[in-house]
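*Asks:* Let me begin by handing over the structure; questions about it come next.
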Amino acid sequence: MCAAALEEYCGSIFWNASYLERPDPDIPVCVEQTVLVWIPLGFLWLFAPWHLVPLFRRPKVNTKHLSKLYICKQLVASLLFLTAIAHLGVTLGEDFGPNSDQSSENAAAYYANPVLFAVTWILVLLCHEGLRREGAIDSASIFLFWLLLVLCDIFPFQTLLREALRLGKVRDVPRFSLFYISFGLELISLVLSTVADIPPEAKDFIKKNPEAGAAFLSRITFNWLNSMVLKGYKQPLVQEDMWDLNESDSTAFINERFQHFMKPELDAARVRFQNKMKNKSAKTRDSAQEDPQQNGLSSGLGKGVSQDVLMMERGKKEDEKKKKKKDKNKEEENYPNSWLIATLYKTFKWILIESAFFKLVQDVLTFVSPQLLKLMISFTQDKSRYAWEGYLYAVLLMVVALLQSLTLQQYFQRCFVLGMRVRTALMAAVYKKALVVSNDTRKESTVGETVNLMSADAQRFNDVTNFIHLLWSCPLQIIISIVFLWLELGPSVLAGLGVMVLMVPINGFLATKARKLQVENMKFKDKRMKIMNELLNGVKILKLYAWEPSFQKQVEDIRGEELKVMKKFAYLTAVSTFIFTSAPALVSLATFAVFVSVSKDNVLTAEKAFTSISLFNILRFPLAMLPMLIASIVQTAVSKKRLEKFLAGEDIDSDIVRQDPSFNTAVSVCDGSFAWEKDAKPLLKDVNLDIEPGRLVAVVGAVGSGKSSLMSALLGEMHSTKGFINIRGSLAFVPQQAWIQNATLKDNILFGSPHEEERFKKVIQACALAPDLELLPGGDLTEIGEKGINLSGGQKQRVSLARATYSQADIYLLDDPLSAVDSHVGKHLFEKVIGPNGILKNKTRILVTHGISFLPYVDEIVVLENGVISEVGSYENLRASGGAFSKFLDTYATEQNNQRNSETGEGQDAEDFELIPGGDDAQPDGALEDTVSLTLKRENSIRRSQRNGSVRLRRNTSIKKSANADEPKKGQKLIEKETMETGQVKLAVFLQYLRAMGWGYSAMVFLIYFIQNAAFIGQNLWLSDWTSDSVEYYNMTYPSWKRDTRVGVFGALGVAQGLLVFVGTLLLANASVDASRILHSKLLNNILRVPMVFFDTTPIGRVVNRFAKDIFTIDEAIPNSVRSWLLCFLGVLGTLFVICLATPFFAIVIIPLAVIYFFVQRIYVATSRQLRRLDSVSRSPIYSHFGETVSGLSVIRAYRHQERFLKHNEVTIDENLKSVYPWIVSNRWLAIRLEFVGNLVVFFSALFAVISRDSIDSGLVGLSISYALNVTQTLNWLVRMTSELETNIVAVERVSEYTELENEADWVTDTRPPQQWPEAGRVKFENYKVRYRPELDLVLHGITCDIDSTEKIGIVGRTGAGKSSLTNCLFRIIEAAEGYIRIDDVDISKIGLHDLRNRLTIIPQDPVLFSGSLRMNLDPFDKFSDEEIWRALELSHLKSYVSGLQEGLQHEVAEGGENLSVGQRQLLCLARALLRKSRILILDEATAAVDLETDNLIQNTIRKEFSDCTVLTIAHRLHSIMDSSRVMVLDAGKVVEFDSPSNLLEKEGHFYAMAKDAGITLESNTNL
């Protein structure tokens, strides 16, 4: 019916099969005139409306500018319009012209087509104009229209040509020439439509973001990335090379959209939640018995159970499982839930739908290839078919593969970008929430946990969204493959499917087992890292005590356990690899065996076999992915809960603090009661407080009376149960623990205010920061580490105060800023800043203080007692009234007097140094003191310096050191990274790893994998041979013996493969565990033997990283990479081999393809590696900035800087996205290019199969093409694996770098001292000179002195005079530059370090303890009996304490000795010394750590127990050495005085001056 109408329309035959059944087929003219015209035109008309809309709107860009490209496009379209008119003219002329032939009228098509075309060309002209007004660069639909048009016109093109050639003349000259003219113009249009038309105003933007200026073709092939990839190949990329983000990928844009959808969703969820709670409370009323228990529990959960309880909870995991069901309901109802997914869906709806569309197309195309393969095989079997069919199939295979590649890459691109956006949205949302979160919600999670929300949980969402579509795509693929397989093989498919389904639970079982081992492994890893961390932090102590072997053994033991677990894990992996490799073989075996044995008629033909095999290959992927996807979705569900709980938490109540300007007070609190949590008891009760503007008000009270809480209440951080607060003006806040940002010192002080030089200088002077700035290497531009690590406690406090002072607020809340600084600095700050004559004298100041000396100068004093204001008034009035305040005065005054006395010794010392920084000679000594103990516990420094400031001496010099070390360190670090990780990894590193694995193992592994690959190929060749039976036994009964051999050999080869892989993987596992063991023990061994200087100049983090991340890589990542790489590599070789075997021609093509492949891969790896690195470098600032924000929340809120921090966060995340986005695209860039190479392989293998079809067996054709179809994936993997292997192998390089550091002297040498040495304990220095590092100046300039047996020597000197260097020399922590030290006439530089260090005893300045038992801390080598240890504890006054502990000597010491007081730690160090009891004791006096009582205990014990030893005391308090036999005064590394104390006092030299400062005179000395 339809055909007849069409035939009338064209005036010729529409379709006749005979057209195709000949060697040179063609398509009837009628089809060319109808269908092939309507397809492209229909396409254009469908999409035109979109392009025409802009014509009716106001243009987006200036329309005056006409680009050359636009003019050309319009010109060509106009010419085409003219050809259409000419066509019409020709037809009209023929029908109605003067010489028209009435008998044969032209058919309708000859009128309709020119008219259609003319209308279309006008439409094209309009579309171009519409695009120009829209400001679009190009249009995909128009490009596709031209492409379709040219493709459809190829048919009439060749028809006309062939006809002309056949007839030898052109039948219809005008139409012939018009057709070819328009065809040429269409080609020109096609070319023009691939070029982007960039408006001039967008040029600059496109330089920064080439993607915006990329045309359609460039977008689908990711060509726009070329410039970056090439640049990355030539030189390592840096952050500056990154391009700008698209607007839709920027954090601000995503966050805004996300918040927009989140608000209604969250509100709805809150409403649901409240209704649920209402219903629940109604229920609970009925069952009142359960009530108390429930409330108790929920409040326990709400308050955030204390840490210890949580630790216990972890242990109770097993019992919990039973309880979980009960608790689950409670847990779920604690917060509004199930709104996050909906919000994410709404925010990213379109990109999800787009990617789903691409995935669907790709899934459908996946199944076209096997069908084409089937046609191809049947074509080669049937020799009578025409050759053009074969070529058609080859081209179709290529086209399908190309389309599949393009859609797949678009799908991946969309998915990964979606993942990136989801992560960005969540990170931004968490950050935004953290700024407004209430204290209740904040208490529920630690800073670390909150940062985890941002890093781990957001990343989980990112990973899941990458593959979210597999949830529906996997089942779809499985169903389609089964349907097709059923069509091929009938019900015997079920056998193969059964095998596959069986694999799933087995894999699941293995996975859970593996997870258990993983957890166990992590436990050992954490334990090992904890010890390593302590070991590196206390490395100086280990060296001084010669304890390294004991710790080395501890670490090696844990490492041994860890490797055992690792081996188990590796064996498990081997089993699952075995299953995974033999799965395809088993599946095809089961299927084919059942198929041929079910009935005699079932013969395996090549078509059936190879189509099924390629379908099974498709099946493998979804079956492997589904369990993984489900597991990761389960993990993400946990993250979802955590994120929902956090993001739905309550915000801080902004109405607690009013801002009413009509009040005449600066601060007033009316009848206020405040609590930290909503339902808790108020901490501050009935507070009434009015503060006039410009007053200085002090808040005093005992510890815990609510002073800081009052501050928090004024800041609006507490819940108000009644009353209100009004504050007039802006606030500045100085918290008790200074909050310092990781930025320059200047930025910390400016804190977002504009910089005014004068004001800045004034603030610096007033806050006593000027001397510190001179010490810091970069002045005010010095970069301050995280948490202010390179500042001492006092400096942090002063910076914090300077920030407030600079901010010029109206009201200052100062929470005890003077406690962390020395008393004289405190005085200075009070006078210059806070007090009645300070910079802030006209502002309102509320000062919490413990310093009594300041109270007389304040305007008003508020006394707090147990959260109630007990008195308010001036100093005199309160003093007189004899209330709480005078009591407070009495307690504090006595304490302070005691302290004063003990301090005078070194207080002045401190003062000189603090405000008059020593000359340069003062530097190297203190400087290199020892960063380790310095960074060990910064926090302690605040506690210590509260007691008295002397710790500051050392700290201040250390600042210079650590900051100095920081400067070159920055350079150093970068250089180190760059030298290590750019360019290709040297072959030597690979060889080094292979050497560690063992050459024998390596060769065996390679061999076995090689044989396995051979077995795989053999199996498939056998299959292709099997299929040729169907030809041989055509129409004959198939002998059963033949059938059995076929199945048997096929199965045997399959199992052999599995077993070989199993053995290979086992060997590899053993080898890699060996390699791990060797590399780790080398590293550990060397690090313990490295001189102290190394630890002073290398941040511990960097060393820890070698032991953590790099060893982890060597343990887990490298063996996997090696295995996958080997398998991939052999797989690719095998494929190429099989194709060449089938069609030897193919070998010619391999070379050019390999070259393309190699170049693409090399270029990509260089760029990708660098992008990955930039990603990780730019990721950490996001988290550290977030961590900082969370810990400094109250400060940020007080200054009202939330907006600025939000902006900063957006910028930081954007910086990171700038390297993540190109990385995602670079993967697609690579994949598209490699798949193109793979598609060429497919095309050529098909093409050569067609060419040589006479000489080739159909089985082999099937084999070579089904192999080729698989090769694209393998090629892709190979590149991935190569780049991964290169990235991972760097770990070996980094580890080996640290195994080659030079060591200190040998621990034990051939010259060993006598057993009893040193018997007398004489020490003799002979012209002794020393420097810390070769490039530095001398620290000790030729010291010569004799110290007799049992003498007690005090060593004094200003900071940096070289006192500590002296002890370092005795222990050979630093080696002599010249001169020598003799102990009992033995030159110490000649004997082994351990011989020396074991015979000396030191009580170090910082008492470092290690986690482990008390006993281990006293005697790590188990040398002493328990009695001796108890005696030592008794003498060091710890016996009562230790025997009171439950475990006694086995009491566990926490990391760094946290669970003992500082005094107890110091006493433990004394006990260590008592145990060793050697003839020489060095006492590096602990200055600030010890209260007077402990100090006395220590001094007395030493006097009594070490009376027969030589004791050298490095003194910071002169009191303690006034009774020594002689005093050595050092100055700038020289001995300036050396005599008994009384003589020195009479001499009135250096010592006398120091004594006078300390308030010691001759008289007072005689009294002693």
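Along the chain as shown, the residues are counted starting at 1.
The backbone N, Cα and C atoms fix where each Cβ goes, and this holds for glycine too.
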*Asks:* So which range, 345-365, 618-638, gets flagged transmembrane segment in TrEMBL?
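*Replies:* That would be 618-638, per the transmembrane segment entry in TrEMBL.
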*Asks:* Is the transmembrane segment (618-638) packed against any residues at least 6 beyond its ends, judged by a Cβ distance under 8 Å, and which are they?
*Replies:* 366-367, 370, 460-461, 463-464, 467, 470-471, 473-475, 477-478, 481, 500, 503-504, 507-508, 511, 580, 583-584
*Asks:* Checking distant contacts: for the transmembrane segment (1230-1251), what same-chain residues at least six beyond its ends satisfy Cβ-Cβ under 8 A?
*Replies:* 221-222, 376, 379-380, 387, 390-391, 393-395, 397-398, 401-402, 405-406, 408-409, 412, 1139, 1142-1143, 1145-1146, 1149, 1153, 1156-1157, 1160-1161, 1164, 1168, 1261, 1264-1265, 1267-1269, 1271-1273, 1275-1276, 1279
*Asks:* What residues elsewhere in the chain lie close to the transmembrane segment (139-157), defined as a C-beta under 8 angstroms and at least 6 residues from its ends?
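*Replies:* Hits for the transmembrane segment (139-157): 27, 29, 31-33, 36-37, 39-40, 43-44, 47, 50-51, 124, 127-128, 131, 179-180, 183, 186-187, 189-190, 193-194, 215-217.
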*Asks:* What mean pLDDT does the predicted model reach across the domain 'ABC transporter' (667-891)?
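*Replies:* 85, rounded to a whole number.
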*Asks:* Is the transmembrane segment (108-127) in contact with the transmembrane segment (35-56), using at least 3 Cβ pairs under 8 Å (sequence separation of 6 or more) as the test?
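*Replies:* Since 3 or more Cβ pairs under 8 Å link them, the transmembrane segment (35-56) and the transmembrane segment (108-127) do come into contact.
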*Asks:* Counting only residues 6 or more past its boundaries, what in the same chain has a CB within less than 8 Å of a CB in the transmembrane segment (108-127)?
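*Replies:* Distant Cβ neighbours of the transmembrane segment (108-127) are 8-11, 30, 33-34, 37, 41, 44-45, 48, 51-52, 55, 74, 77-78, 80-81, 83-85, 87-88, 91, 139, 142.
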*Asks:* Residue list, the transmembrane segment (391-412) vs rest of chain: Cβ under 8 Å, 6 or more residues beyond ends.
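*Replies:* Tertiary neighbours of the transmembrane segment (391-412) are 220-222, 355, 358-359, 361-362, 365-366, 368-369, 372-373, 375-376, 379, 469, 1227-1228, 1231-1232, 1235-1236, 1238-1240, 1242-1243, 1246-1247, 1249-1250, 1265, 1269, 1272.
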